[in-house]
Amino acid sequence: MRTFKSLMISLCMGTTLCMCLPQTTTAQTVSSGDSWTWDKGTIVIDTPERPTGQKSVLGLTTPKMEVVRVGFVGLGMRGPGAVERFTYIPGTQIVALCDYEASRAEKCQDILKKASMPKAAIYSGEKGYEELCKRTDIDLVYIAADWLHHFPVAKCALENGKNVAIEVPSAMNLQECWDLINLSEKTRKHCMILENCCYDWFEMNTLNMAQQGVFGEVIRAQGAYIHNLSPFWDHYWKNGKEDKLGWRLDYNMKHRGDVYATHGLGPVAQALDIHRGDRITTLVAMDTKSVVGKDLVEKRTGEECKEFRNGDHTTTLLRTANGKVIEIQHNVMTPQPYNRLYQLTGSKGFANKYPVEGYALDAAQLTASGVQPKVDDLNSHGFLPQAEMEALVEKYQHPILKKYGEMAKEVGGHGGMDFIMDSRLVYCLQNGLPLDMDVYDLAEWCCLAELGAISMDNGCAAVAFPDFTRGEWNVTKGYKHAYASPEDENANMEKAKAFTAKLKEQGAKEWAKEAKKKKK
């Protein structure tokens, strides 16, 4: 038996780091050591047994919440947007705001004022989140902190009996994945990954098509995070004057693997029913050498960069128990258009989002899918003509988009998908339903960096993919979104709207009273 010193995973925050807390030794980014063995050329990592008294959280529900009381941790770049989105969701109350810098938390009070919501309690400092998590009037802790502190904040919240929603990546290594699984199973609280790309329009409509057999059996999928960050490297937070690289470039220099896999993997994993009738069994990763990365370091430091661990382009291949293949790519270095790929290959059809959105079906399959072709000799050698594509999308528009789509475009958040994600989270909590993404999704989507590093550091060897459900991946048949009955949904929404109306009345009075005091 050998022990591998594992690697960590980082978070892309777009252009700047959302610093909530300082980097400390308490925010571990590496597993303490994963035990593994070779088995017929495949690396097999030990799977910890489920502790006595715990049970699976597949399909986990919690009692209905008429009002979802929220505490936000991390108010740098992404956090304030989440606070604002929640002011548009009926039946929510923003109870507390936390950031390492008190000024950032205080600034978010302006968002509440604009929405006529009452002031929230403010927490700050390195351990401010611990006090927030101890409150008894919070149901959900929404974590948009820096990537080092996703896990410690989530751990604290779960240990204090709170449901948690965590920005991506939600866990930095295998140990953190297992710890979050154990905490969710032990506390019976939700632990959701905030993967917004699962709620983009093309992905949702295509998922609906796949679930209804439009593409036949989906046998292969691709996803990616390809985003040239050259304009942004100098905007990442730097730890003092001596730090010439910023956290992100320094991280990429020192660590290998797909460090931001969830945008690409999440949507295709849902389309392939991962841990809902199928599971990933094998991973193999390969990367290019670093050319751009090394050059970036040398230009900023004036010194030779002897090693840049993260390849300019990383490719990870995954095989499932049912013989499907997933390809995930990562590239933040080379000049090329933004691309998440999102491609599904089926036995009877094909879907592709980047760089060109389109569907490929022959006339017989399009007709069988309920859309009559308007052109003769339609085949699958090219994408559907515009009219046929629009008809297909209209027929298979996802019910969630029908419900939230227009409002999402008004509220915004990465084009609206953030608002849809938050709305679904609240909807499921208010109606006592399973969330759209569970803690096993979190683990499966976040572990690619460490597993990929293990593969590449051992000659691009195959790595047996852990079964995070511990044998229950085939219990649930097919990925599904949960819905309340129309009667319950309407009744709960009326209660939510009534609560929010009263809350806004209260908030307006409080802000008016404060304004009078300031005039005096």
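Each Cβ is built from the backbone N, Cα and C atoms, and glycine gets one as well.
Here's what Swiss-Prot has on this protein:
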{"type": "BINDING", "residues": "MET77, ARG78, ASP99, TRP147, LEU148, HIS149, HIS150, GLU167, VAL168, ASN196, TYR260", "note": "NAD(+) binding site"}
{"type": "BINDING", "residues": "TYR225, ARG248, TYR260, ALA261, THR262, HIS263, TYR338", "note": "substrate binding site"}
{"type": "SIGNAL", "residues": "1-27", "note": "signal peptide"}
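Where Swiss-Prot records a feature, it is marked here on the structure.
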residue : record                 : DSSP class
MET77   : NAD(+) binding site    : coil
ASP99   : NAD(+) binding site    : strand
LEU148  : NAD(+) binding site    : helix
TYR225  : substrate binding site : strand
ARG248  : substrate binding site : helix
TYR260  : NAD(+) binding site    : coil
TYR338  : substrate binding site : coil
Which one, from the binding-site residues TYR225, TYR260, TYR338, has the smallest tally of other C-beta atoms lying within 10 Å of its C-beta?
TYR338
Could you tell me the maximum Cα-Cα distance in Å between the residues recorded as binding substrate, namely TYR225, ARG248, TYR260, ALA261, THR262, HIS263, TYR338, rounded to a whole number?
18
What is the interatomic distance between the Cα atoms of HIS263 (substrate binding site) and MET77 (NAD(+) binding site), given in whole Å?
18
Checking the binding-site residues MET77, LEU148, VAL168, ALA261 for other Cβ atoms within 10 Å of each Cβ, the smallest tally belongs to MET77
Nearest by Cα to MET77 (NAD(+) binding site), of the binding-site residues TYR225, ARG248, ALA261, THR262, TYR338, is ARG248
Can you name the binding-site residues among TYR225, ALA261, TYR338 whose CA is within 10 A of the CA of VAL168 (NAD(+) binding site)?
ALA261
Using a 10 Å cut-off between Cα atoms, which of these binding-site residues sit near TYR225 (substrate binding site): ASP99, LEU148, HIS150, TYR260?
TYR260
So what sits near THR262 (substrate binding site) in its own chain, CB-to-CB under 8 Å and at least six residues off in sequence?
VAL168, PRO169, ILE193, GLU195, CYS197, TRP445, CYS446
Around ASP99 (NAD(+) binding site), how many other C-beta atoms are within 10 angstroms of its C-beta?
30
Going by Cα-Cα distance, which of the binding-site residues (ARG248, ALA261, TYR338) sits nearest to LEU148 (NAD(+) binding site)?
ARG248
What three-state class does DSSP give VAL168 (NAD(+) binding site)?
coil
In Å, how large is the greatest distance between any two Cα atoms among MET77, ARG78, ASP99, TRP147, LEU148, HIS149, HIS150, GLU167, VAL168, ASN196, TYR260, the listed binders of NAD(+)?
24
Row HIS150 (NAD(+) binding site), column other C-beta within 10 angstroms, all chains, value 31
Cα-to-Cα gap, ARG248 (substrate binding site) vs TYR260 (NAD(+) binding site), nearest whole Å:
12
